[in-house]
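Notes to accompany the following structure.
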Amino acid sequence: MSTKQFDVVVIGGGPGGYIAAIRAAQLGFNTACIDEWKNSAGGPAPGGTCTNVGCIPSKALLQSSEHFEHARLHFADHGISTGEVGMDVAKMLGRKDGVVKQNNDGILYLFKKNKVSFFHGRGSFVAAKDGGYELKAGEESITAKHVIIATGSNARALPGLAFDEELVLSNDGALRIPATPKKLGVIGSGVIGLELGSVWRRLGAEVVVLEAMPNFLPTVDEGVAKEAAKLFKKQGLAIELGVKIGEVKTSKKGVVVNYTDAKGGEQKLECDRLIVSIGRVSNTIGLNAEAVGLKLDGRGAIEVDADCKTNLPNVWAVGDVVRGPMLAHKAEEEGVAVAERIAGQHGHVDFDIIPSVIYTSPEIAQVGKTEQQLKAEGRGYKAGQFPFLANGRARALGDTSGFVKILADATTDEILGVHIIGPMASELIAEATMAMAFKASSEDIARICHAHPSLSESTKEAALAVDKRTLNF
Ligand code: FAD
Ligand code: NAI
């Protein structure tokens, strides 16, 4: 059988990889994508962590659990009576699996539409050959002029405590707990801990989150983190900061976590199941990187320059397997930029304006610098803030928690950071990101007509607040 030859081969079919493959094919390259993820029937399931055990299934469960909480606690405010509200966890998980499958199938369709050859199986280097590379794609041998590595990341385990996905859960197990646990322990109050902790709390679990850092959400604007801590506490999410995790024991009865609290006291958390969400590690397992001398950095990520070039000619790496925030949209942006660079174009990613969102209720969204970062840099800035309490649409929605905060340069008024905690913050942050991409000033946003009544009027009012001239507060 003759060896198949490609211009571009992408290893990994997550958001970094599948988007890079589509863009490369659009640019006229003969392109292949290799992905090894299997669905429950052993078939292909492209989309990576994001589609299978990350962004998409977590948002499906967040939506279901939010509906449940609304029906239980808030429908009555609207005059709707429901009687007792029940939750069929198996059905909720089935719906989530359906949403995941729609996305897997969508990517397979996009590969066909864009004429990307898809290989289901492991991709690995065999050797450098004739200025290109010989690769394994499952059982097949193929060659590539350019290789884009997008092999993603895996959940970090606590030392000596492997994930069994029954009692000790990574994001994978945490998204398929078969029945609401009575008591759920979570180690790490980062994004996964808060999102998945919220899901199971809304469904009735008592959730206790143990966090090593002394302050809550240190990478979020301090004012937002303070507001979030207050609101999550009110919702019943118990978060203990400054802990040191000791021995963790599992038995038929559940999990016991021994830890030292912030004051040095010995404590014990007994729970039915434990989610360990203490960050993720880049994944290069199975790539056979040694065969070609691909260089990794000290943390096991693939070493790349600002353009995602590795130490090898014509080998690129994008997404969670390289430095930078582990976010799907960052992986996608890098994938597009690399395909464009291979085509001789000027692919560009602006790392200073990558938005990030925590999908709790209320949502937390940010782009640009936090107030504490600006203070540390000694940069002069003006701040404007507007509460959703004073926004007509938020009142109509019955969701008035949180605020929009805009930070602008003290002299030029250029927007340096936007921080939102409140309803639909994930959607509102797009306007702020666009404004920053166009180097807008806070006055620019203040002068733009925003539809009434809409949550986005709060962004306009926060911009007016920078100049101390809010109209509705
Ligand atoms: P991945 O999505 O990890 O994809 C890598 C793919 O490569 C996988 O399919 C893997 O099987 C495959 N692979 C690996 N090695 C090989 C090999 N040798 N051969 C063939 N295939 C291989 N980010 C957001 O922006 N928004 C969110 O809301 C969000 N929610 C998240 C929720 C959870 C619970 C988790 C865990 C993560 C979430 N993330 C979110 C992060 C997001 O999932 C990642 O940043 C994103 O998936 C990274 O994309 P990637 O393409 O780099 O890697
Ligand atoms: P994270 O980095 O967000 O949070 C990990 C938390 O665990 C930190 O607060 C850290 O201080 C704490 N921690 C670390 N070691 C600890 C220990 N031994 N004991 C107690 N606490 C400890 O990581 P997380 O939540 O696992 O998520 C992984 C990645 O996935 C994130 O980097 C994020 O980018 C991505 N993600 C993004 C989402 C989104 O965009 N909405 C949703 C979920 C995940």
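Backbone N, Cα and C atoms are what each Cβ position is placed from, and that goes for glycine too.
A TrEMBL annotation is a machine prediction, not a hand-curated record.
Annotated NAD(+) binding in TrEMBL involves GLY188, SER189, GLY190, VAL191, ILE192, GLY193, LEU194, GLU195, GLY279 plus, out of the candidates GLU166, GLU211, GLU266, the residue GLU211. Taken residue by residue with DSSP, SER153 (FAD binding site) is part of a strand. Among the listed binding-site residues, namely THR151, SER153, the Cβ with the most fellow Cβ atoms inside 10 Å is that of THR151. If you compare Cα positions, ALA328 (FAD binding site) sits closest to GLY190 out of the binding-site residues GLY188, GLY190, GLU211. The two recorded residues, LYS59 (FAD binding site) and HIS452 (active site, proton acceptor), have Cα atoms 28 Å apart. Only MET326, of the binding-site residues GLY188, GLY190, LEU194, MET326, place a Cβ under 6 Å from an atom of ligand 1.
Not one of the recorded positions THR151, SER153, LEU194, ALA328, HIS452 has a CB under 6 Å from ligand 2. Put simply, MET326 is the one of the recorded positions THR151, SER153, MET326, HIS452 whose Cα lies nearest to the Cα of ILE192 (NAD(+) binding site).
Taking the Cβ of ILE192 (NAD(+) binding site) as centre and 10 Å as the limit, one finds 24 other Cβ atoms among all the protein chains shown.
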